[in-house]
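Features of the protein shown, as given by Swiss-Prot:
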type: BINDING; residues: ARG55; note: NADP(+) binding site
type: BINDING; residues: ARG132, GLY133, SER134, GLY293, LYS308, PRO309, THR310, PRO311, SER312, ARG335; note: FMN binding site
Amino acid sequence: MILCGDSVAGNSTGEMFRVTTFGSSHGPAVGAVIDGCPAGLELSEDDIQQELNRRRPGTGALTTPRAESDRVEILSGIFRGRTDGTPIAGIVRNLDADSKSYSNIKNTPRPGHGDYTWRARFRNYDYRGGGRGSGRVTIGHVIGGAVAKKLIGNYGLTVTGHVVQVGDVKADTVSLKRIGEYAESNPVRCADPRAARQMEKVILDARSRGDSVGGVVEVVVLGAPPGLGDPVFSKLDADMARALMGIGSVKGVEIGMGFEVAEHRASEINDEFYLDDDGKVRTTTNTSGGILGGISSGMPITARIAVKPTPSISVPQKTVDLERMEETTIEVRGRHDPCICPRVVPVAEAAVAIVLADHMIRAGFIHPTYIGNE
């Protein structure tokens with residue numbers, strides 16, 4: 001059956017700053033094309049590489065042992081060390097793909113993965129390592145996000161992520177300054193050292209049992225001006241939620257206080273306005289997470305995402321052999337993360353940065369074609 005609109009166009013995000021990702025876990029390469037970045041932005045492979053290094057696997061006991069260097073190659077869009085206004089293409093070649101362990105899942109979908117649904121949607125699909133649905137494709141997110149971060153950084157915006165929960169271990173609330181200073185000081189990427197130690201124990205325990213564990217990642221934006229966002233379906237928080245839900249294993253998004261607002265009265269959580277010492281409008285609290293009516297208020301923007309446990313586990317699970325159409329069991333082999341939250345942090349930052357870059361251009365805070373007076 002052929003349906004109207006039966007095409008796939010879900011590999012791109014953004015209107016004026018547009019990022020398209022491509023590639024699969026065990027294909028030749030993964031990457032991104034960024035269209036709409038103004039000319040004149042200083043940009044090098046190192047700017048992108050430092051972000052990719054934060055996402056890179058094989059860096060410790062808390063991540064998959066898949067040892068990829070993840071070296072980025074910029075193919076276009078840069079001239080004499082600056083963007084030239086044309087599409088920026090960046091790729092990372094897959095060098096350590098091991099497809100042997102995936103032959104047994106061709107007809108037996110792994111519980112928690114998209115194997116069955118992708119097969120139902122596309123019939124012919126790359127099942128190795130999750131294919132296009134693998135976490136490895138988030139390299140494209142990070143490439144696009146690195147460019148976006150560099151762009152909005154020129155205008156005073158910073159995007160910082162950290163892990164606030166792993167399993168049932170929750171971090172204490174810390175200052176925005178502490179997040180920036182301490183989140184990268186431990187392998188869990190948690191700004192609360194006490195909680196970080198407990199989180200690490202939980203992750204290692206899950207790994208020892210052939211299991212995995214989920215958690216919560218928070219992203220904080222500082223320096224965003226008031227006025228970012230469009231009605232009604234292009235609200236800033238709507239676009240942020242869409243971008244964050246585009247990350248594999250993300251099952252929920254909160255902006256500001258999120259679902260907790262349901263427990264309160266308006267008199268308890270309304271963010272009241274005042275004038276600061278510089279005469280700028282601020283709010284006494286920030287339960288809205290820096291966004292009111294879908295438009296940024298000038299206060300810090302906060303978002304949280306719920307990340308499910310990595311579904312690839314060696315614990316026996318029930319499934320169906322789709323070739324024989326009979327029930328069976330499966331134990332997933334291969335190299336997998338016992339908790340992907342630490343590696344999701346730079347991906348979540350990238351997703352938010354891409355949305356901010358797009359809205360900064362759309363709202364007129366960044367010229368759409370060039371930076372500076374040259």
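Note: Cβ is positioned from N, Cα and C throughout, glycine not excepted.
Considering other CB atoms within 10 Å as the measure, the emptiest surroundings among the binding-site residues ARG55, ARG132, LYS308 are those of LYS308. Around the Cβ of SER134 (FMN binding site), the number of neighbouring Cβ atoms within 10 Å comes to 20. All protein chains included, SER312 (FMN binding site) registers 22 other Cβ atoms within 10 Å of its own Cβ. Within its own chain, THR310 (FMN binding site) has SER212, SER249, HIS336, ASP337, PRO338, CYS339, ILE340 as residues 6 or more apart in sequence whose C-beta sits under 8 angstroms from its own. Spacing of SER312 (FMN binding site) relative to the residue listed as 'NADP(+) binding site' is 19 Å (Cα to Cα, whole number).
Rounded to the nearest whole angstrom, the C-alpha distance between the residue listed as 'NADP(+) binding site' and SER134 (FMN binding site) is 14. Following the DSSP three-state reduction, the secondary structure of SER134 (FMN binding site) is coil.
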